[in-house]
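Database features (TrEMBL):
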type: DOMAIN; residues: 82-165; note: domain 'PA'
type: SIGNAL; residues: 1-22; note: signal peptide
type: TRANSMEM; residues: 192-210; note: transmembrane segment
type: TRANSMEM; residues: 245-265; note: transmembrane segment
type: TRANSMEM; residues: 271-302; note: transmembrane segment
type: TRANSMEM; residues: 314-338; note: transmembrane segment
type: TRANSMEM; residues: 344-364; note: transmembrane segment
type: TRANSMEM; residues: 371-389; note: transmembrane segment
type: TRANSMEM; residues: 426-448; note: transmembrane segment
type: TRANSMEM; residues: 460-479; note: transmembrane segment
type: TRANSMEM; residues: 491-508; note: transmembrane segment
């Protein structure tokens, strides 16, 4: 599919995002100063509110470096009345008498610990500080402060949430709240399903790629046997059916992907995400169409439509079956784009994403282990750099910021698979970037093509080992993700050593590394015909 080369590389750039993410609920901060009495992690806090005894809105705040830790269970968090501070900044002793109420104060004029100490001395059971901006701010202890042994919890709310609470209280309503910070479960079923989706996608794509390679080899045998005039050389047969990555293009891909990522980071905005959505829909339509045509072609009723062609301007010869399914694919993608903010939109996004990945893995191939090693090694460094090292230059993780769609007003970019966390009290999604499936998938698909063309059984081949290594690498990624309290992880940091290390080690042990490294998939110069088929010698 040489004519599709540009669009394929465009789709590969869309698939270049490589990370696993579950949403932060615990915020470790090595920059904010810590010392005894001021060493809490920054945890998100649920703040359900009740107005005149009726349940109202629920807000999310962030706990301070200082003070006691909050209750993790909602049923153990008491309903406590909220009162306004007088003066509002709580930088001096409140005029109103407190009897274990929660005091609501404004940020400013004095330090956070000063406010907390004054509130505690006045008899408050907790202090809620309203930020002067819509986002949350991490409350820390100043370097010169000595009285940081504070005995009441301190929580910050965003400006809009605090304003709403203040409005209800000024309207003489009785406002009470709960403060608790629930723990995320060690493992959520969403991660299990996401693991199955990633492994299943590579499994399907690998078998499709290997089947196509074997069919091309059989067709090549027939051409040689019949001495067909259409046959020119074994190197050209089937070359129009896929794009082969070279060592240079593997390096350039990672370099251009880095430039693309920085561009997204710098230009991230609502309209730019809209452009990405359009590009994703175009790629998703092509992927869904390709997979549907291949699937329906397996049924006898659709084989005639798949084997007869209509000549379309610009596109050339197109199977009638492809023309028939294209309107459905376009409508599917458009409906997803319109309703992509709905709670169920992740289903359509995953369908478009999986079919896009399978299509790319079917069309794009690595010719040998050398190219696969270069590609995955560069991707390994790319992943680590843009998730971890980029914080030194940009003061935040570029990959994570782009993935979450910060500064864009969106929930995130569409180039990822995601599943809602069903049993997580914080909600959110478990996420994996397309690149974590596509890039290792190229190596796994190569292993199965090699096994089939070399006529190796499962035990003597490489595919089972490569597929198992990928599954283990992804499993370790999710273990690390949970150990880091949901912080985004560079998945290729774990997947590449497992897959590439297993492949190379096995090749060395079997004495086949030289063949895998330079020649890759078995090819023949002068085959020996045995009936309609022949052995494919390595």
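Note: Cβ is positioned from N, Cα and C throughout, glycine not excepted.
Any TrEMBL annotation is an automated prediction that lacks curation.
Break the domain 'PA' (82-165) down by DSSP state and the numbers are 17 helix, 17 strand, 50 coil. Most Cβ pairs under 8 Å to the transmembrane segment (192-210), among the stretches 245-265, 271-302, 460-479, belong to 460-479. Only pairs six or more apart in sequence are counted, and the transmembrane segment (491-508) with the transmembrane segment (245-265) gives fewer than three Cβ pairs under 8 Å, not enough to call it a contact. The stretches the transmembrane segment (245-265) and the transmembrane segment (371-389) meet in space: the count of Cβ pairs below 8 angstroms, excluding pairs fewer than 6 apart in sequence, reaches at least three.
Model confidence over the domain 'PA' (82-165) is summarised by a mean pLDDT of 90.
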